[in-house]
Amino acid sequence: DTMRRVVRQSKFRHVFGQAVKNDQCYDDIRVSRVTWDSSFCAVNPRFVAIIVDASGGGAFLVLPLHKTGRIDKSYPTVCGHTGPVLDIDWCPHNDQVIASGSEDCTVMVWQIPENGLTLSLTEPVVVLEGHSKRVGIVAWHPTARNVLLSAGCDNAIIIWNVGTGEALINLDDMHVDMIYNVSWNRNGSLICTASKDKKVRVIDPRKQEIVAEKEKTHEGARPMRAIFLADGNIFTTGFSRMSERQLALWNPQNMEEPIALHEMDTSNGVLLPFYDPDTNIIYLCGKGDSSIRYFEITDESPYVHYLNTFSSKEPQRGMGFMPKRGLDVNKCEIARFFKLHERKCEPIIMTVPRKSDLFQDDLYPDTAGPEAALEAEEWFEGKNADPLLISLKHGYIPGKNRDLKVVKKNILDNKPAANKKSDLINAPKKAADASNPQNEAKLDEILKELRSIKDTISSQDERISKLEQQMAKIGE
């Protein structure tokens with residue numbers, strides 16, 4: 001009641017959602033029917049990725065954003081897993097790198113070609129093996145390059161350095177029951193988890209200790225979700241003992257009582273929260289609902305303010321949420337969802353109506369850009385850094401992404417670790433020092449060898465085609 005009684009001043013009171021026209025949807029997609037409560041869809045300013053049904057294994061589609069309309073059945077997929085894919089997440093620091101977790105107990109990291117797939121992709125850049133049961137959650141670190149978290153049905157959380165393919169942190173004794181979700185805080189120094197034992201835990205992954213926890217965050221038995229907000233508070237969704245859906249706000253410094261707790265309705269779909277730290281708006285998409293409700297979080301009572309509901313006819317199977325830099329600032333777009341139906345993906349655009357055509361800087365404070373603030377090693381050594389922000393004043397123009405290189409550590413190669421930093425994954429390749437005569441000689445040698453190999457190949461090619469002609473003649 002209190003959520004609706006007072007009319008509050010807020011620039012987001014009139015946010016309205018609109019589904020795009022039919023020809024801007026992605027049609028004829030067999031969205032995965034696996035019973036798993038992840039969002040099944042991940043988007044960034046270049047691509048939309050959707051987990052699809054695949055016979056004998058697991059696959060997901062990766063479509064360039066502009067590739068709308070009917071998607072051909074033979075369209076290539078990313079299909080290296082041997083079991084269904086349960087979760088996918090785009091790397092925040094490279095729009096061509098995506099991680100996937102699967103029922104086959106592995107995590108795979110993929111490099112998508114710049115213009116999308118022309119052939120199906122079966123070879124990941126790296127396979128991360130360490131879970132003993134299916135992997136249902138993958139989440140990239142928000143500010144450190146190549147740090148990836150995965151959580152499995154073995155109740156373990158593993159944090160990987162993707163650049164070396166190593167598991168560097170294994171939290172396998174903190175959860176006694178299934179982990180429903182994991183969320184990094186803004187600078188990636190802490191994670192919070194929601195688990196089937198009805199507990200929300202705040203964990204310092206590098207110290208490997210639980211720094212706060214709340215039992216019976218929501219009393220109901222159905223799945224919960226917990227996410228960090230920009231100010232360090234935690235927002236949860238769950239169910240009451242009477243199976244009503246609830247949302248709550250918590251301060252990790254004192255988890256005794258929630259800052260706010262609201263009952264919503266009696267639907268039984270799990271509420272997936274999508275959070276925008278720039279506007280402090282939370283969008284709640286229930287699996288199987290046909291609506292998106294949104295709330296503004298402020299520091300004045302009742303703290304969680306209901307804004308509005310976007311309703312449609314069709315229920316949603318999953319949902320993708322575009323990062324801020326992928327939005328159209330000229331149209332005052334503050335969020336874009338990619339709603340999965342049974343057979344299609346439909347973008348939904350959330351806008352704040354404004355009369356002026358000028359850039360609305362109050363709607364678009366500087367937002368997290370695609371540059372990583374830390375290297376993986378720095379984070380594992382204990383450093384923290386906030387996201388590096390960019391202005392959206394002139395829109396976001398995607399730059400070129402470097403290829404993901406994985407340098408597996410060689411056990412025989414016991415060099416002191418200090419030298420390793422520079423060889424890591426995205427270290428710019430040092431141009432061979434041309435002034436060094438040794439290097440020049442070596443280069444010449446390599447080039448010569450290359451040329452001779454090429455010559456051999458072309459002469460063999462000729463020989464093969466001659467032999468083929470002779471065979472054809474004999475065949476006639």
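Backbone N, Cα and C define each Cβ position, glycine as well.
Bear in mind that the values here come from a model prediction, so they are computed numbers and not experimental data.
Taken from TrEMBL as is:
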DOMAIN    5-69  domain 'DUF1899'
REPEAT    78-120  repeat 'WD'
REPEAT    128-170  repeat 'WD'
REPEAT    172-213  repeat 'WD'
For the domain 'DUF1899' (5-69), the number of residues DSSP places in helix, strand and coil: 4 helix, 24 strand, 37 coil
Secondary structure tally of the repeat 'WD' (128-170) (DSSP, helix then strand then coil): 0 helix, 25 strand, 18 coil
Counts by DSSP class (helix H/G/I, strand E/B, coil) across the repeat 'WD' (78-120): 0 helix, 22 strand, 21 coil
The repeat 'WD' (172-213) - residue tally per DSSP class, helix then strand then coil: 0 helix, 21 strand, 21 coil
